[in-house]
Amino acid sequence: MAESLSKVQAILGIHTSASSATVADDTERTDPLENEKVKVEEDVIEIPTPQLDADIYPYNFSKRKKWTITVVACSFTLLVSASTTSFTSGYLSMMRDLSFTYTQAIVGLSTYLLAFAVTPLFTSAFSEEFGRQPLYIVSVALFLLMHVMIALAPNIAVIAVARIIQGAAGSAGVTMVAGTIADIWEPKQRGLPMAFYSILAFSGNGVGTIAAGWIEANPKLEWKWIQWISMMFVHFLLLTNLSC
């Protein structure tokens with residue numbers, strides 16, 4: 001009997017010690033997920049978020065400043081749109097003075113539209129990288145110089161080159177203005193500025209045709225003065241861009 005009891009106790013003792021060892025092992029063993037979590041927390045690097053001054057945060061601009069920026073940017077859109085049709089209004093006197101055909105004259109329109117369409121694919125990221133104002137200033141300056149180049153052009157080849165550069169520079173006046181409006185106006189306030197931008201973008205073709213048609217009809221002005229008068233407006237726009 002005693003021998004049987006000792007055997008039972010021995011068996012129980014073995015099991016008890018084994019259970020204790022198992023519990024000890026479980027206590028000492030750590031969850032691999034917990035180790036990974038600790039490791040991740042140790043590797044986290046906190047990057048301080050830059051705090052913008054209230055005065056330079058675009059949403060905090062005064063309404064006067066917001067509308068000034070909006071009007072200046074949308075004026076560029078108007079001039080770019082007007083330049084598309086104002087050039088075509090001077091075809092007759094241009095063909096007479098430079099001795100080329102109507103088909104050759106269309107090259108000036110085609111190259112402008114081609115550069116206008118393709119350039120934003122490459123320059124769209126520039127405003128995000130360098131800021132919108134530097135790109136506005138460079139684009140308006142190039143747009144201005146091309147009016148001078150066209151007005152002084154001795155042949156259609158020079159005009160075609162100038163129109164390519166002019167279209168490339170002018171593309172910023174359409175593709176970037178909507179982003180400028182979104183930068184300074186809160187979503188609930190953008191309705192009127194966006195409507196103003198849309199009106200100028202679509203009405204520019206009509207304004208260019210009417211104004212350039214009147215200039216072309218005056219024998220003392222004609223196609224060269226279409227470019228000179230357009231240049232005057234662009235020059236004023238450049239000055240306002242520099243002051244904004």
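Any Cβ shown, glycine's included, is placed from N, Cα and C.
Annotated in TrEMBL:
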TRANSMEM  67-88  transmembrane segment
DOMAIN    69-244  domain 'Major facilitator superfamily (MFS) profile'
TRANSMEM  100-123  transmembrane segment
TRANSMEM  135-158  transmembrane segment
TRANSMEM  164-182  transmembrane segment
TRANSMEM  194-213  transmembrane segment
TRANSMEM  225-242  transmembrane segment
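Of the recorded ranges 100-123, 135-158, 164-182, the transmembrane segment (225-242) has the largest number of C-beta contacts under 8 angstroms with 135-158. When pLDDT values are averaged over the domain 'Major facilitator superfamily (MFS) profile' (69-244), the model yields 91.
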